[in-house]
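For reference, TrEMBL has these:
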- Cys24-Cys56: disulfide bond (DISULFID)
- Cys34-Cys45: disulfide bond (DISULFID)
Amino acid sequence: MAEIELKTAPADFRFPTTNQTRHCFTRYIEFHRCLAAKGEESVDCAKFAKFYRSLCPGEWVERWNEQRENGSFPGPL
């Protein structure tokens, strides 16, 4: 049976505290900026997707996706 390796986003000096809210938000934005710059098929953006998905609660991501679709997302994309 294959062994499953679990990973999360690496430590980031910009977010030294245990509250990872800002880290989550930043990784989400980095992912979408990467997609805008390199396109949907870019392998380089996959790491950002893994990072934000491991840090962010699903409800937040769903809400942010809805806000992006509606044009009301508060972040700098």
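Each position is counted from 1, following the chain as shown.
From the backbone N, Cα and C atoms, a Cβ is placed for every residue, glycine too.
Candidate disulfide-bonded residues: Cys24, Cys34, Cys45, Cys56. Fewest other C-beta atoms within 10 angstroms, Cys34. Residue pair Cys56 (disulfide bond) / Cys45 (disulfide bond) shows a Cα separation of 17 Å. Here the Cα atom of Cys45 (disulfide bond) is found 15 Å from that of Cys24 (disulfide bond).
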